[in-house]
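Shown next, in structure tokens, is the structure this report addresses.
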Amino acid sequence: MAFRCQRDSYAREFTTTVVSCRPAELHTEESNGKKEVLSGFQVVLEDTLLFPEGGGQPDDRGTINDISVLRVTRRGTQADHFTQTPLTPGTEVQVRVDWERRFDHMQQHSGQHLITAVADDLFGLKTTSWELGRLRSVIELDSPTVTAEQVAAIERSVNEKIRDRLPVNVRELSLDDPEVEQVRGRGLPDDHAGPIRVVTIESVDSNMCCGTHVSNLSDLQVIKILGTEKGKKNKTNLIFLAGNRVLKWMERSHGIEKALTALLKCGAEDHVEAVKKLQNSSKLLQKNNLNLLRDLAVHIAHSLRNSPDWGGVITLHRKGGGEASWRSWAACNFPAPFAAWSQVCALCFRKDGDSEFMNIIANEIGSEETLLFLTVGDEKGAGLFLLAGPAEAVETLGPRVSEVLEGKGAGKKGRFQGKATKMSRRAEVQALLQDYISTQSAEE
């Protein structure tokens, strides 16, 4: 038996009766990947206006007596409606469909049928699957390549048929009807029961389908094929929009074009060239900046070596463009194995820099005999850190430094580096290093 939504895709509300209501759970996944389990009820109605997911088409949204329906799934000849409020069996209820979502799905699904038929008719390109996405839809074609000329020809043809206002009819055929063998289709579900539903675009295509469709191609308004992408092995994905999605896409594209025109100070026809020039300038600036940072790293390393406090524990604190300020901790005479160290040095902070910047400093100073704690990034936020020095000390201190800075890192061969989220706790790391040295001295 076809549901009301399949018999009349344009119906927006109707009255029916609750058959059953049982406790259930709904597993959801947000766009950010977060998963959630909702407690609620599966409600079965005598008939439904809400389409259950199937045939590549997502399910409808809507309400039952103003209670939101969060999911609709098919179970044999019945449709389960998930709600978070129970409904009493035998109660007469009013069902309303989210018409914007429904009509969008009708446009995309009928658009897919049309593109599939035309691609096959013009070039023998067979559709193997399709997906009705939230923003765009994808048709998988059984061909390793589809040329730009073929795409343009398909787009011209489908829009001509839309302008011809071709009717779209829905019929039901029995399983033993000879016509079943002549219609396009990818098989029936294992639990299918009853007649076969066939959607026909007059003079274009007949296709087995359970989905909701427009009654005339004119309701598609327009189809825009955005292009193709490489699909699975020997397959090509054709990306398209139909109907209102094309209008939204044009509105969004025009808004972006206006914004770029204002930012780039040129007309739309010059946007690409203007961006290329900006990219080239940016690459040159990045290259120059990298060279300057490398030179600065060498300069800082030499400045440390030449510091009057060399032999004690010193720090360099620099917030970016300002002058560096040096502070001496306390000169220490380190016993073996630390007596071989010429310095225990903490280069506390520089806002600008990267991992390479810190490693150049470590290489120039020579971390085999010097314990270095280097950081770059936001003084009170996130950044990068490097602990370098004798392997035994770094192996012991590295994970503890990472923990204090609430970061993640790894180390080998006398270097431990990583990302930190709490650069404001650098002073605690300095204290940790001092305590470690003091403890080693006491043990000696």
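Just so you know, glycine gets a Cβ as well, placed from its N, Cα and C.
The Zn(2+) binding site annotation in Swiss-Prot covers HIS109, HIS113, CYS209, HIS213 and is backed by sequence analysis. In the three-state DSSP classification, HIS113 (Zn(2+) binding site) falls within a helix. Around HIS113 (Zn(2+) binding site), the C-beta neighbours below 8 angstroms that are at least 6 residues distant in the chain are VAL199, ILE201, ASP205, ASN207, CYS209, HIS213.
Look at SER174 (phosphoserine): DSSP puts it in coil. Around SER174 (phosphoserine), the C-beta neighbours below 8 angstroms that are at least 6 residues distant in the chain are PRO195, ILE196. Residues annotated as phosphoserine in Swiss-Prot: SER174.
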Note: in the chain of HIS109 (Zn(2+) binding site), residues six or more apart in sequence with C-beta under 8 angstroms of its C-beta are GLY55, GLY56, GLN57, LEU132, CYS209, GLY211, THR212, HIS213
Surrounding the recorded Zn(2+) site, with Cβ no more than 8 Å from the Cβ centroid of HIS109, HIS113, CYS209, HIS213 and those residues left out, we find GLY55, GLN57, MET106, SER110, GLN112, VAL168, VAL199, ASN207, GLY211, THR212
